[in-house]
Structures are given as C-alpha cells and as structure tokens.
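Have a look at the structure below, then the notes.
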Amino acid sequence: MKHLIIVESPAKAKTIKNFLDKNYEVIASKGHVRDLSKFALGIKIDETGFTPNYVVDKDHKELVKQIIELSKKASITYIATDEDREGEAIGYHVACLIGGKLESYPRIVFHEITQNAILNALKTPRKIDMSKVNAQQARRFLDRIVGFKLSSLIASKITKGLSAGRVQSAALKLVIDKEREIKAFKPLTYFTLDAYFESHLEAQLISYKGNKLKAQELIDEKKAQEIKNELEKESYAISSIVKKSKKSPTPPPFMTSTLQQSASSLLGFSPTKTMSIAQKLYEGVATPQGVMGVITYMRTDSLNIAKEALEEARNKILKDYGKDYLPPKAKVYSSKNKNAQEAHEAIRPTSIILEPNALKDYLKPEELRLYTLIYKRFLASQMQDALFESQSVVVACEKGEFKASGRKLLFDGYYKILGNDDKDKLLPNLKENDPIKLEKLESNAHVTEPPARYSEASLIKVLESLGIGRPSTYAPTISLLQNRDYIKVEKKQISALESAFKVIEILEKHFEEIVDSKFSASLEEELDNIAQNKADYQQVLKDFYYPFMDKIEAGKKNIISQKVHEKTGQSCPKCGGELVKKNSRYGEFIACNNYPKCKYVKQTESANDEADQELCEKCGGEMVQKFSRNGAFLACNNYPECKNTKSLKNTPNAKETIEGVKCPECGGDIALKRSKKGSFYGCNNYPKCNFLSNHKPINKRCEKCHYLMSERIYRKKKAHECIKCKERVFLEEDNG
C-alpha cells in the first residue's frame, strides 16, 4: 500500500513527487480545507469558552473526499504542510477531516524542497503541535471577532464596505499619524556658514566664540551675516586631524521583512509580488539539476543558517575570492525579535552551486532578479567586513572652528559582491598647526523638508520594529488597505484617503487599543506564548473578548454617524426632501435624505432598465429595479403603501455565453445581454434565476466571501471585484 504525503500547494506536491519512488503518493490540500463559517460569526461563545463552527468550502469538498479516500488506502499518511502556525493548523484540519487519532498522522517538516531535505524529514517525523494549532486558532478567532463586530459598526456609522481589523487598523494608524505629521509640519529656514580653504578643503562652522552650534540652530539671517563678516577677517590654522579605521559590517541574510524591503527598494516589487515570486522559487522551478526548490522557506523571522549551507558558502568564497575575503569562522546572526522561531532558517539559496547565471535560461526575468538578490545577500553575509578610514579635520581661528569630514575605502570585503554606491571623499594631505588660507566664506540658506511618507518598504520596517503582525501578515495587510480604498501607493509613496481618516478617528476615540501599536504587539506576544505552550488560548480570547464587546455595545449608542451623501440638486417627488446619492453592496443609487421617514428610491441607469417603461398595475406608481440576495426584481416606488413586486422579464437577445464560468446561484450559463441603455451579464435560466452583473464575471472566487469575481477597470487600473461583497484586488503592472 502506498504512503500518502499531504502538502499545501500543487506545485509543491509536483516537486516532491519527483524526489520519491512509486511507493509514495503526494496530494495538495490547496490551502485551508476548512474555515470558520462565512455567513455568521462562525464562533459559538458561551460560559464554556469559544467553539468554532468550521465549514468545508464548496470548492474543497471534492478534494477533501479524494484525500479521505487516498488516506484510507494508504498504510501511512504524512502531514507535510509548512512549518509555521498556519501550516500546522492546515495539517490539523486535514487530519481531523480524515478522522482517527491525531497521533496516527506523522508530521514531517522541512525548510527547503530538495531531495535530501524530504528524505531526511521522512526519517524524523513528529506529532502535530497543538500549541501551534491553538495559536493559529486564537489569531483566527481574534481577527474574526474584531473584523466581524467592528467592521459592521464602522460600516453602519460611515459607509458600507469599510472595515477594521486587529492588524490592519494598527497599520493604518501609522499611515494616518504620518499624514498628520506632514499636515502639521511648518518649514524652518536656517543658515550654515560654509568655508572654502586652499587645497580644495571645504568645511562647515561648528562653533562660534566657544559655543558649539547645534544643527539648524542658526535661524537669523542677519546674525549669520554678522558672523560671516567677522570670520572673514580671521587667520586660520589646522587645529586637529583625526583618522580612525571603521568597519562596515556584513548584512545578515534575508528574513521575510528585509526581503520585502530590499525587493521594494532595489527591484521595485510590491511586498505581495515579492512573496508570490518567492513562493514559486521555494516550491520548485526548473534547474539544470531538475525541478526543485531553489530557496528556503520564505515566511520566516529567523536568521539561523544550517551548518551545511555555511560550509558551502565559505568554500565558495575561498575558491572565488580568496582567503582575504573569508572570516576566520562562520558568521552567526540572531534576530532582534525575541520570539523569532529559531527552528526556522533565514531565506537562502538551497544550493550555493546554483549561481544566478546558471539559472538565467530556466527562470523568468523577475524570478531571476529576486533569486539573484537572495543569492548575493546570503553569500555576502559570510564574507569579511568592509574597512574604511574616516578622516576629520578641524580648522580654527580665534573666534570659531570649522570641520571637514571624509573617508576612503581600505578593503572592499562584502562590497565585492553587493557593490558600493558611496564614493570616497578624500581630504587633502595636511599637518596639524599648519596655517591655511580662507578663500571664500558663504552664508547659505536651507529649508527643512516635511517628513517623508511611508513607502511599502519603510512601513514594513516600522511594523516589524513595533511588533505589529508577523512575517506572513505584512504583505496582505498593505494589500488589504489598498483594496479597501484606505490608502493609495503612487511613486512608491503611501498616502491615506478620506475614509481612512474617518475610521481612525472613530477607533482612536472608542477603540484605542485596536490602533495602539503597544497593545497589538502585546497581543502578538500572547499568541507567541500560546505557540510555546506558555498560555491558554481560551483564556487569552476571554481576556480580549468581553471588554471589547462592552466597547462595541457602547459604540452603537455613542458613536455619531458620519455618513456623507452627495447631493443631486433634485427634490423628492414624495415628500419634497432632497435626493442624494447613496451606496449599497450592489452599487450607487439615488434616494431621499429623509430616510427612514421617506423610503423613496429613484431608478438610476443600470444594465437592465425595463422598469423605465413599466407602471404599477395596482396603484399606477413607477416600477423600479431593486436587488435582493436572490438577484434583481421590480418593485413599486410607492412602497410601503404599495407592496407590488414583479419578476424581471428575460432579455431575449442573449449573446456571448462566457466559456468556463457558471452562474454562482444555479450553475447555469452566463451570457452578455443587452437593454436599451447598455449591456449586462445575466443567467440564461432567467426568470428562475435573477443573477445579474454589470461587469464581466470570471472563473475566480472571492477570497473573502467565495462568491464569483468580475473583471473591471477602477480608477484607470485593472481589477478583479467580487460581484457580491465588492472586495477588490488590483492587478499589478509588470515592473520587470
């Protein structure tokens, strides 16, 4: 009977299968096989604690059946999901669905997908780590509770479609704080006195009449001119010359956060793009040695390096660069994060033999660029430090001192691989006490610059330093803030949009802990403690939930609505009120601002406008198109006095059936249809099925609600948008 190995991704399964004989079957779970119910909180909360309602997604039902059948036939079923909390939880859920005792499923882990790594993992299985599973469940429960309860409240007070979250709101607060700094910034004009001496020596005034000048201290132009006039009359000599040797230490190998930062700064990749490419390099690509993973696991906060990899790197350095570039012993790095999972490794090439040049015919251009970045950084991390000589010269007169600084490279060390953009700034050969002639003295004005907005790289750096989130959350958090229209990223700068200010203002006033970086970091520490079996996850949830829910209930009563609706300049035909534009989950519509006293809704131009020609047969009112969760229908605009409704007639000229995309409501075909004012997409089983979309549906499911996605252009950018919940994912331009 074959042994069964269960991994997460099909690409990973395919690569591993190449390393094993016919006695092994490898199948992918394709991510989480079950999750909290999407149509409610999904968690039962009572005096006994927090009990999840896990549901197998319909897209996974057949796959789960297949896994169960294969497991029944297998003599051993190995759980080989990623060795992080998310991977541990996926393995746990798979084992639970198969059935039987958890102990009967050996858990194997590896940090690289190479034949040796897989074979070694099979020799050293362990049990599923329930502490890690509970840490993941606690994170999932916390995120669901905050997202479900707080997002509903925010949406009710501002506008639908907005959300709040445990990590995303803390990150958004950082962006808002930066915007406030920029807005509050007042430029300061200050002056420096810059001297030009003989021998091409340039220096700046650092003290006057025995008083050290602080940076930006000289703000009076008249005073600066007076000092200039006095110092121009003085005689000067070399007061001191100081030379020091300084090392530029080698940078450590990459972990997730630093890889995202460097890829953003040096390659122009977004964090999401970086992780997507890194995932492919980890799971397996074609190489001269066959299909294999060429980098180690890319979601890590560890800087550990395997002993064998260190030896490979040192041998490579000695062979290619010589003994001068090889330190006496291997360099060891440690993460600043005290809860870093040190069992993991830093991100490195799986084989130092696979130089970037050897892969140029195998990898796509963007894959090669990222691999080259990882390869060079790892090799450089094991080289000698670069060595500089720093120089400083002080030129003095009776009333003041000027200072000049320079440096020159003595030994390039790791710069041999990574390069060095800093040019030497050499000072002339001088001797102490020698006189030197002042050729020119200038008073130069400078204006302080406002704080720079965050880039994706710098925001990740701050999130990491504050302990907000973990390596796996940085990229999704920034992407989520973009998709929610809280931020925009232009020319590598992150700026906040109007809705972000409103949300943060509410959270700061009523839910300060959600946007408090210290609270967020402490919660991450609690999750780390759960993973290390130092804390009970049910107790952590209780400690958070009940105070949080008290604030939710208070918020419902105390938070003033900030909903703002655009005026149309038209009057309501029913009550004389003002018609305004509003938004619902189905899009924009025009209604009376006296709602709920007046429920008038004006029919706007839509894809299906048969209502424009139809009057209510009961009262003579206008039949307008409305939407329910079952689709579109006609209703009298005199509701609630008249409650007449009618199904829409099917548009006869259905055209252009979309290949490979089925109706999410009934499974029927979807086709392009036309009305007098435009085209739309509808189900061919109409009127039995009322599915309708203004944008072309595609064969892709929403990650949030698992409804059908559509493709559209939004603000001149291509995007995929959920037809139901309007979750939007922008398609990235090719930066390669």
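Keep in mind that glycine also has a Cβ here, set from the backbone N, Cα and C atoms.
Values in this document were obtained by computation on a predicted structure and should not be read as measured data.
According to Swiss-Prot, the feature zinc finger maps to residues 702-725, out of the candidate ranges 78-101, 294-317, 534-557, 702-725. Only HIS32, from the recorded sites HIS32, ARG139, ARG140, ASP143, ARG299, ARG484, place their Cα within 10 Å of the Cα belonging to GLU8 (Mg(2+) binding site). For the zinc finger (702-725), the list of distant contacts is 38, 57-59, 585, 661, 664, 681, 693, 695-696, 731: same-chain residues at least six beyond its ends, Cβ to Cβ under 8 Å.
Spatially, by CA atoms, the recorded positions HIS32, ASP82, ASP143 include one closest to ARG299 (site 'Interaction with DNA'), and that is ASP82. As a summary of secondary structure, the zinc finger (702-725) carries 0 helix, 13 strand, 11 coil according to DSSP. The two recorded residues, ARG139 (site 'Interaction with DNA') and ARG484 (site 'Interaction with DNA'), show a Cα separation of 21 Å. Rounded to a whole number, the distance between the Cα atoms of TYR297 (active site, O-(5'-phospho-DNA)-tyrosine intermediate) and ASP82 (Mg(2+) binding site) is 8 Å. Taking the C-alpha atom of HIS32 (site 'Interaction with DNA') as reference, the shortest distance to any of the recorded positions ARG140, ASP143, TYR297, ARG484 belongs to ARG140. Distance from the CA of ARG140 (site 'Interaction with DNA') to the CA of TYR297 (active site, O-(5'-phospho-DNA)-tyrosine intermediate) is 22 Å.
The distance from the Cα of ARG484 (site 'Interaction with DNA') to the Cα of ASP143 (site 'Interaction with DNA') comes to 16 Å.
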